[in-house]
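Asker: Please see the structure below; I have some questions.
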Amino acid sequence: MSSEPFKNVYLLPQTNQLLGLYTIIRNKNTTRPDFIFYSDRIIRLLVEEGLNHLPVQKQIVETDTNENFEGVSFMGKICGVSIVRAGESMEQGLRDCCRSVRIGKILIQRDEETALPKLFYEKLPEDISERYVFLLDPMLATGGSAIMATEVLIKRGVKPERIYFLNLICSKEGIEKYHAAFPEVRIVTGALDRGLDENKYLVPGLGDFGDRYYCV
């Protein structure tokens, strides 16, 4: 279901199961193995929800009982693009759902003094303009890195309506800023936090996702 006030923001159903998963990964005392395990579970849910929004066409197949089944098949090709480093944690979840999926990478780092993003590196599939793109980054805080990454994709010929931005936690500020720049991009998220602190980190948040996932 789309999350108001933006039609292209989709919040996962806030079930007890999902809230339980977030309780574990937000807990500062959670061990690294548990943080990885339960984060991966949420990532899988985000990927599955993202796949639900891809266009399909009707397809009829014959079953082993010699009967026809009317189903659907996906129209087009997809790829994942992770915003390095934290976004790489979401790549396996996409691979688990989509066999032989192609993965690109964009490295954007935040200036700790200005909190502004800076592009350092990009490696994308040559035919990315022909694909639907799952942009992967666990946290949407200020929106600066996500906006820059999306600009890179658009410059490579990807249409905004073919981009699906998947993240575990986002801020209202980040959504507003990102949506103002790219209203046609779909955002699929699992949690909406109340805001940012003086260091531009999500609150209540969970700390630095990349550090906790990769144990740095």
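Placement of Cβ uses the backbone N, Cα and C atoms for every residue, glycine included.
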Asker: Say Swiss-Prot lists ARG32, ARG41, MET75, GLY76, LYS77, ILE78, ARG131 as binding GTP: which of ARG102, ARG186, ARG194 is in the same site, per that record?
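Answerer: For GTP, Swiss-Prot names ARG32, ARG41, MET75, GLY76, LYS77, ILE78, ARG131; of ARG102, ARG186, ARG194, the listed one is ARG102.
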Asker: With respect to Swiss-Prot, which of the residues SER39, SER82, SER145 bears the note phosphoserine?
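Answerer: According to Swiss-Prot, the phosphoserine annotation belongs to SER82.
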Asker: Let me know the DSSP-derived helix, strand or coil state of SER82 (phosphoserine), please.
Answerer: strand
Asker: Using all protein chains in view, find how many other C-beta atoms are within 10 Å of the C-beta of ILE78 (GTP binding site).
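Answerer: Taking all protein chains shown, ILE78 (GTP binding site) has 19 Cβ neighbours within 10 Å.
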Asker: Using a 10 Å radius around each Cβ and all protein chains in view, which of these binding-site residues has the most neighbours: ARG32, LYS77, ARG102?
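Answerer: Of the binding-site residues ARG32, LYS77, ARG102, the most buried by Cβ count within 10 Å is ARG102.
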Asker: If I take the Cα of LEU202 (uracil binding site) as reference, which of the binding-site residues ARG85, ARG102, MET139, ALA141, SER145 has the closest Cα?
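Answerer: Result for LEU202 (uracil binding site): the nearest of the binding-site residues is ALA141.
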Asker: Within 10 Å of ASP208 (uracil binding site) (Cα to Cα), which of the recorded positions ARG41, MET75, GLY76, SER82, ARG85, ASP137 do you find?
Answerer: none
